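Trainee: I grabbed these lines from Swiss-Prot:
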- 21-65: repeat 'WD 1' (REPEAT)
- 57-77: region 'Disordered' (REGION)
- 162-209: repeat 'WD 2' (REPEAT)
- 237-271: repeat 'WD 3' (REPEAT)
- 282-322: repeat 'WD 4' (REPEAT)
- 351-390: repeat 'WD 5' (REPEAT)
- 419-443: region 'Disordered' (REGION)
- 423-438: compositional bias 'Polar residues' (COMPBIAS)
- 455-492: repeat 'WD 6' (REPEAT)
- 494-534: repeat 'WD 7' (REPEAT)
- 671-692: region 'Disordered' (REGION)
- 683-692: compositional bias 'Polar residues' (COMPBIAS)
- 716-750: coiled coil (COILED)
């Protein structure tokens, strides 16, 4: 089941959420860094029957052409040729030539459409997906490290529930409608399965694992002159190198296993090659996640929670005399460094470390951003990547930094906690009185807070069940002030997920360092790139499902079509709101979250106090479920005073006119009599000024006897009237809060 082209939209005060319901379970989702030739963003997600590739945005495919039948009744063409098929001959190969419209499908302020989807059926569930750690770019600029195949092919790796690991290549251009409607695909249910080459795809099977892999990573092999080759044929082959990738996968075999494969991208469509691993590492404990360095392609970041974060280099031999391998890499790599997280808090001295949820490379592979299970995040500066580092002298192992604190903890350059994670890091307080009495305790806000702290206290056993992740997206140079900037998405999953976004990592890192040094930087009222922003009201798009993943989608570009129709990046796209969109992974839904254009981006203090109210000028009625009431209209004025006051300009409530019509559209000056047989009207007498405030009481009994006017009742908007009354209450409450803030309370003790 593919994504529906039009998602279900939900708006909140902070963001807009577009929900795609798939109807089947989703195991993993990734954003491919290269755009398609027509400017679409490519998404890949795994499900119980394989993987699905989605092209989102860019220029639309042209509608399929109607099939014309050139055969005429009663005539016989002179040039008719009879073709006798034989079993040895095969039919002509279908060549797909998709055609696209000239204008892009994304207009300013609209939702990017789903241009095309393609299901790659593998007959088993795809649990994990890995893409190349390259910066986002257009198709014509995708020659990363000299790999020209990336200009025309999608290259990614998947792990399956049947212990198989595949490297898949696929054309970067989406298939046309004619290609998906070919008659040969209707002959069998298995005709369109992956591996047969009907979509131009190639599969390479990586053998070796005997259990399902828990993670996978992929990177390019950097071409270099090697002295390890022992034959002239191998040296001649290196003159015209073939693009190769290295795939790493870890599993729970034995106590933990890490395997690496060297895969050449030379398979032909319709064939499945098999590759054996060139390195196998047996570990003391299973790994949680792995990722390759985007610059130093041979370095692999491994997370062994809760012990440490370690860096493995498969190209550096563990022993200098290791020359038994005939390939370009040694038979055994080396472990370069181990980074240790802090210890968990508890009522007594704890010897358990905080579980490591995730860790990712940042600053072009020179630093590591990590997230712990109690909501703490930290940055390890390995190579002087700090924005305030002078000449690279303030890295983790410089003279000014010992690297290890107490020989057991690796010091963070900067650290903090995610918003909303205080119940995870506060240890439970054992109260002897409450534990021994056993009396019933009513649920109050204070006891509810204690219950949350008890359920999610900072004990290592309870923190081990916390799941989350980190996604780092490199930003194009046109979206930020400098080249090489990055955005990060940190999340802790669950029924009420915590998802935070760092718009620009370098500016956020710099502001944190200045704050730690007492530089006077106000993180609450600073510019948006210097703060960590938490996405709120995510349950509106997930519709009750648990959040199992979050990835970043770089905002590529908006509608500047060049001469060849390829979308180019807009310099102003990064100046409004976040430079990325967040893709949330539910159990059976995908939710794309982006910041509203009218969302307040000023100081957080003014937003919390309600001192600034944004007007929704471009609000239009949509056929969607919204998470807030419609646009507010001017409230109706009411006179709540008992005594009549002269009208004063600038007052909050204007006095009510006495000659206005009543609720039943009749004049108040003449009130019908309630006596039977008396059809004359009784003139309304003026009451004394002291009783004018209670004149409505005489109208209530008379109004109750009158029949209801159904036409007027249908025209009334009762909901709007209730909202007007609520608006009055809010205004009075804000006035009361403003008066309370300016009042100081002084207590005197009796001597």
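Quick reminder: no glycine exception, Cβ is built from N, Cα and C everywhere.
Since this is a predicted model, take the numbers as computed values, not measurements.
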Trainee: Which sequence-distant residues neighbour the repeat 'WD 1' (21-65)? Criterion: at least 6 residues beyond either end, Cβ under 8 Å.
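Mentor: Contacts with the repeat 'WD 1' (21-65): 1-4, 8, 98-106, 112-132, 134-140, 142, 150, 154, 156, 158, 168, 170, 172-174, 176-178, 181, 194, 473-474, 548-549, 551-554, 556-557, 565-567, 583, 585-590.
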Trainee: By DSSP assignment, list the helix, strand and coil residue numbers for the repeat 'WD 3' (237-271), in that order.
Mentor: 1 helix, 16 strand, 18 coil
Trainee: Under an 8 Å Cβ to Cβ limit, what residues of the same chain, 6 or more beyond the ends of the repeat 'WD 3' (237-271), are close to it?
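Mentor: For the repeat 'WD 3' (237-271), the sequence-distant neighbours (Cβ-Cβ under 8 Å, at least 6 residues beyond its ends) are 130, 132, 147-149, 153, 155, 157, 159, 165, 167, 169, 195-197, 200-204, 206, 208-221, 223, 225-226, 229, 277-287, 290, 292, 297, 300, 302, 304, 312, 314, 327-329, 333.
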Trainee: By DSSP, how many residues in the repeat 'WD 2' (162-209) are helix, how many strand, and how many coil?
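Mentor: Going through the repeat 'WD 2' (162-209) residue by residue, I get 8 helix, 12 strand, 28 coil.
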Trainee: Can you break down the repeat 'WD 5' (351-390) into helix, strand and coil residue counts using DSSP?
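Mentor: Split by secondary structure, the repeat 'WD 5' (351-390) comes out as 0 helix, 20 strand, 20 coil.
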Trainee: Can you tell me how the residues of the repeat 'WD 1' (21-65) break down into helix, strand and coil by DSSP?
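Mentor: Secondary-structure composition of the repeat 'WD 1' (21-65): 0 helix, 25 strand, 20 coil.
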